[in-house]
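Look at TrEMBL and you will find 60-142 tagged as domain 'Copper amine oxidase N2-terminal'. Positions annotated as domain 'Copper amine oxidase N3-terminal' by TrEMBL: 152-248. The domain 'Copper amine oxidase catalytic' feature in TrEMBL is assigned to 275-692. Here TrEMBL flags 354 as active site, proton acceptor. Summarising the annotation, TrEMBL assigns active site, schiff-base intermediate with substrate to 442. Here TrEMBL flags 442 as 2',4',5'-topaquinone.
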């Protein structure tokens with residue numbers, strides 16, 4: 001059999017780019033790959049300005065590694081292990097090893113920055129390394145080998161290598177061609193294997209599944225069902241091919257989604273373009289690339305290889321005194337868990353931990369102006385390291401914008417006072433920090449939305465393509481007793497496999513300081529009224545319980561046993577004696593229903609509960625552990641919490657798992673409309689009263705002259 005053709009390898013290569021959206025790993029695809037420069041939009045409408053990342057310096061202890069720092073880390077690693085220079089050792093992620101929290105909290109602008117260090121997850125000789133590089137001294141200060149089970153985040157080099165190995169297999173190619181698929185149309189996509197025992201033990205493997213891109217860019221809707229190859233990534237060889245009876249490949253018609261190509265009539269009246277105009281310019285400013293100041297809020301924002309976007313040191317000014325007060329030290333999506341509900345041989349392993357297996361940062365493509373972010377948005381670039389240690393700019397990865405959608409911050413109209421015209425209303429204007437990442441078939445948008453009343457709303461929105469399964473059936477009437485096997489029929493020969501989405505957030509709440517916080521469980525308990533005491537028969541009474549240890553804070557939500565959960569500082573009290581606090585307000589949610597001894601659930605044990613509170617430990621950042629790929633579940637949030645450390649009046653971390661079950665339907669084909677879920681962090685006796693009572697309303701004289709169109 002001939003070697004793979006250029007056209008075939010090109011199809012494969014660009015298929016990978018579409019799959020993982022990691023244009024950042026490929027030289028020449030964005031400005032600044034070699035020069036370390038990127039593009040950023042100015043505040044408000046206007047031309048884009050080139051940002052010279054090659055000369056950037058850190059200005060804050062939590063600023064991400066700069067291009068120059070990444071180059072220096074590369075040099076230090078080459079001296080530490082010659083394998084990094086020869087290619088036998090590879091960098092799988094590189095990020096700032098953040099200074100001790102106490103040093104960051106004490107740091108003031110103008111002070112010297114704490115020592116700058118980098119944490120590198122690497123692979124050398126088949127062994128996982130967690131390396132700490134001190135940039136000030138120019139040396140490696142720690143190199144821990146295999147601290148837990150599992151391997152580092154995969155790189156694009158891993159993905160391409162696994163596919164090339166499969167595509168060089170004569171047996172694999174024959175199976176593809178036997179299904180009537182041209183090799184030039186083949187998209188061979190490695191998928192993550194999880195960990196189930198002997199097959200994965202002691203070696204890194206990827207399972208390569210196949211699609212055809214014939215007549216469509218939406219190859220996800222055209223799976224070549226019944227065929228995959230297992231590739232040993234250490235030996236770069238195929239160790240297993242599964243070739244089941246062929247299933248009809250779904251049609252290409254109806255899978256197109258690009259506006260420039262799509263010629264599908266839309267039977268609705270046109271929606272005119274919308275834009276927010278700010279005649280006085282935006283109300284926020286960004287200092288030194290990462291420090292955001294808006295209204296009464298100040299926070300630090302940065303791109304991250306694993307978490308995508310991190311919000312740090314969020315403080316708000318007190319409404320009475322103007323004093324800056326700490327709310328949250330650090331918040332970010334710690335891990336995602338997406339298990340598909342099909343136990344068959346070709347599907348059982350599809351239970352993804354996206355942040356720890358591929359990373360949310362490299363998969364974040366440049367945001368689309370006017371569509372991902374409004375016209376008044378400001379953009380921030382990401383800077384990462386490639387597997388060989390070169391610095392790469394991910395342009396326009398994060399956007400900031402003010403949002404006003406006609407919502408009301410507070411209002412009251414008085415009708416009971418005679419001759420009084422009291423109609424008070426205030427607009428709700430918020431500030432949004434947004435990042436979108438395309439992890440394989442799914443696109444996730446993460447919003448951190450700040451309100452002037454102190455509330456923080458975190459939203460995760462999912463769109464993109466379903467992971468579908470080929471089937472011989474074209475109509476539900478043909479399915480018979482197979483109708484509910486793994487999911488519903490959503491198009492001819494296409495099953496949308498049922499699956500879950502769980503996103504666990506790390507929320508290091510520091511209410512008025514890091515060292516004296518507690519979790520208070522506020523319980524609504526039903527009380528029976530004694531006979532003859534009242535016409536009422538029952539009522540609800542509030543009782544408060546302070547969680548003493550971590551196991552007290554392993555919480556499953558229940559509509560019929562309602563609690564509120566407050567993080568309070570018992571040493572900071574209001575004039576009435578209430579401890580200052582914030583409460584977490586869950587939105588619509590779902591719980592993982594998998595058995596705890598099911599291997600995917602063991603690895604994703606952070607989804608066993610919706611709320612956790614743990615003792616702060618700087619090594620406990622990612623809920624799935626440091627090394628996630630093929631991990632066994634020995635380094636998870638569940639493991640840490642089961643240590644049952646004291647959490648009363650301590651430096652504590654709140655963890656919240658947002659989730660939803662997804663039973664696909666025809667409207668999800670060929671691209672899924674966005675579905676969103678959220679939660680809120682809201683002040684609870686943090687302020688003395690409503691902190692926005694004195695905020696001014698909008699007046700017509702302050703706004704541009706825009707009148708509704710009057711039709712004749």
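Note that Cβ sites are derived from N, Cα and C of the backbone, with glycine treated the same way.
Counting only same-chain residues six or more apart in sequence, the Cβ atoms lying under 8 angstroms from the Cβ of the residue listed as 'active site, proton acceptor' belong to 335, 336, 338, 360, 439, 440. Summed and averaged per residue, pLDDT over the domain 'Copper amine oxidase N2-terminal' (60-142) gives 96. Sequence-distant contacts (6 or more apart, same chain, Cβ under 8 Å) of the residue listed as 'active site, schiff-base intermediate with substrate' comprise 338, 462, 463, 464, 465.
Broken down with DSSP, the domain 'Copper amine oxidase N2-terminal' (60-142) shows 24 helix, 28 strand, 31 coil. Residue counts for the domain 'Copper amine oxidase N3-terminal' (152-248) under DSSP, helix first, then strand, then coil, are 27 helix, 31 strand, 39 coil.
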